[in-house]
Structure formats: C-alpha cells, structure tokens
Amino acid sequence: MSRRPEVPGRTDLPLDWTGERPPAIPADLVPKHIAVVMDGNGRWANQRGLPRTAGHQAGEEAWFDTVAGAVQLGATHLSVYAFSTENWKRSPAEVRFLMGFNRDVIHRRRDQLNAWNVRIRWAGRRPRLWRSVIDDLRVAEEMTKDNTGMTLTMCINYGGRTEIGDAVKRIAEDVDAGRLKASRVDERTIQRYLYLPDVPDVDLFIRSSGEQRTSNFLLWQSAYAEMVFLDRLWPDFRRKDLWDAVESYVHRDRRFGGAVDAHAAGGDEGSAEDPDAPADGDREPGAQ
C-alpha cells in the first residue's frame with residue numbers, strides 16, 4: 001500500500017510546467033463538463049511485468065497532468081472515475097490498495113489544486129468506503145469550497161445505476177411523506193435528487209485503453225455526451241491526449257436528438273407548445 005505522506009504536496013507548480021500550450025479553441029466551444037474513465041492501469045503494468053498496483057501508481061501522474069490540462073483549456077467541470085461500485089469485486093488486496101491510494105492522492109495533491117483555484121467535490125456512496133477516505137475528501141471539499149475555477153469531481157464508490165436508484169428511493173420517500181406530488185415527478189425532479197444536482201450534463205466523455213463502453217459512469221448526465229475512445233493506456237495519458245479529444249469534440253455537430261437543419265427540412269413551425277409545461281389540470285395553485 002502507498003505510504004501516507006505526513007504533509008500535502010507542493011503548491012508552487014505552474015499549470016504549464018510541461019511547457020505545452022493548449023489549442024486555441026474559442027471559450028464558447030470548450031466542453032463545459034468533461035468526464036474521464038481512467039482505464040488501462042492493470043494492462044499497462046502487465047505489459048511491463050509489474051504488479052497491478054504499479055499501474056495505479058503510474059496513473060496518478062496521468063490524472064494530475066490531465067487536471068492541469070483541463071484547467072488550462074478552460075473547462076468548468078472535470079469528473080473522473082476513480083473507484084466504481086463494481087471495483088469491490090476485485091481482490092481484497094487490490095481494493096485495500098485503491099482505498100489507501102485514493103486517500104493519499106487527495107491528501108498530497110489538494111494544496112496544489114487549491115492553489116490552481118480548483119474546487120474539489122466527491123460523488124459516490126458512503127457505505128463500505130473507508131472513513132479515512134471520506135475524511136480526506138471532506139477536508140479537500142471544505143478547503144476548496146470557495147474556489148471559482150474548475151470543479152474537479154472525484155467519483156469514488158460511484159455507480160451510475162446506483163446513483164439513479166438512490167435518487168428514485170429518495171423521491172419515493174418524499175412522495176410517501178407528502179413532501180412531493182407523484183404527478184409532478186419528471187426529469188428535472190430526478191436531476192434534483194442526484195448526488196451533485198448542480199453539476200451540468202456531460203459534454204465530452206473520454207475513455208482510455210481502447211475499450212468502448214461507459215462502464216456505468218455518469219449514465220444520467222451523459223445522455224447526450226459526445227464519446228471519444230482512445231487506445232492509450234491510462235498511465236501514458238497526458239494533457240495532449242485530452243486536448244486532442246476536445247478538438248475532435250469541437251468539430252462534431254451536436255443535435256441533442258434533433259434532425260439536421262430541422263428548419264430547412266420543414267419542421268412543425270406552427271406548434272409553440274412547451275413540451276415541459278404541465279397540463280392544465282396539473283398546475284400548482286396560483287400558477288399562471
């Protein structure tokens with residue numbers, strides 16, 4: 001297991017310590033929320049005849065460099081899949097390592113992230129998670145809560161289906177208690193009951209290692225995300241890979257379920273009905 005440092009790490013490292021500059025992308029085209037599945041640590045280690053834990057350790061630098069690259073680029077939210085609810089199925093030794101490793105990474109990197117004006121948040125479930133991991137996450141959240149730069153969400157003990165299931169349970173409890181009308185439950189209601197309801201939907205979803213699946217990550221938030229799957233194993237991933245993915249994203253036509261050039265195709269211009277407006281019989285008292 002990684003040895004816990006006595007004090008957090010340095011705070012004087014500039015964002016551009018590699019000397020690289022991000023591509024010139026207009027601010028309004030930069031994806032606001034980027035999600036990253038950091039995959040391939042085990043395969044990276046196996047290719048080098050090393051234990052899987054060595055792959056996780058090497059992945060820390062990739063994570064740190066990617067965070068810096070996202071800040072340089074001007075993204076407002078970056079969410080990373082650090083430990084899933086399915087990862088408990090791994091060997092007890094690897095789970096123990098990952099618990100201590102995630103705790104230590106947060107501990108030693110939080111001061112530098114704070115110096116970069118990054119806000120750190122956590123999304124996931126408390127059950128089974130080590131108390132020391134929760135404690136360090138809470139310290140990092142409190143330390144950076146007033147920062148106005150990019151929000152970094154560490155998804156630890158997180159699963160997309162679990163998050164939606166937890167939201168539905170809480171909605172059902174509020175309906176049963178009379179705090180919420182079942183007839184008023186819609187997509188916006190579910191959004192309000194997610195772990196971090198104020199975090200916007202994912203614009204760009206990146207996965208390393210060549211695998212092409214979401215693996216239960218931010219399922220609700222990624223409904224209209226653009227997907228980029230890269231062959232590079234996570235420990236070899238760097239900010240340049242992030243920037244390449246963003247440049248691919250910028251050249252895509254995001255339609256959110258709409259048709260190409262709907263107006264030119266003769267859309268239903270005569271309908272001005274708001275699809276999200278409640279039916280007349282379902283309006284709240286006093287609603288106009």
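A Cβ is built for glycine as well, from the same backbone N, Cα and C atoms used for every other residue.
Going by TrEMBL, these are the annotated features:
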type	residues	note
BINDING	D39, E226	Mg(2+) binding site
ACT_SITE	D39	active site
BINDING	40-44, R52, H56, 84-86, W88, R90, R207, 213-215	substrate binding site
ACT_SITE	N87	active site, proton acceptor
REGION	260-288	region 'Disordered'
COMPBIAS	270-279	compositional bias 'Acidic residues'
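The distance from the Cα of G42 (substrate binding site) to the Cα of the residue listed as 'active site, proton acceptor' comes to 13 Å.
Reduced to three states, the DSSP call for R207 (substrate binding site) is strand. For E226 (Mg(2+) binding site), other Cβ atoms within 10 Å of its Cβ number 19. The shortest Cα-Cα distance from D39 (Mg(2+) binding site) to any of the recorded positions (T85, N87, W88, R207, T214) is found for R207. Fewest other C-beta atoms within 10 Å: among the binding-site residues W44, W88, that description fits W88. The Cβ of T214 (substrate binding site) lies under 8 Å from the Cβ of V37, G160, F205, R207, S222, each on the same chain and at least six residues away in sequence.
Counting other Cβ atoms within 10 Å of each Cβ, the lowest count among the binding-site residues G40, G42 belongs to G42.
The Cβ of R207 (substrate binding site) has 24 neighbouring Cβ atoms from other residues within 10 Å, across all protein chains displayed.
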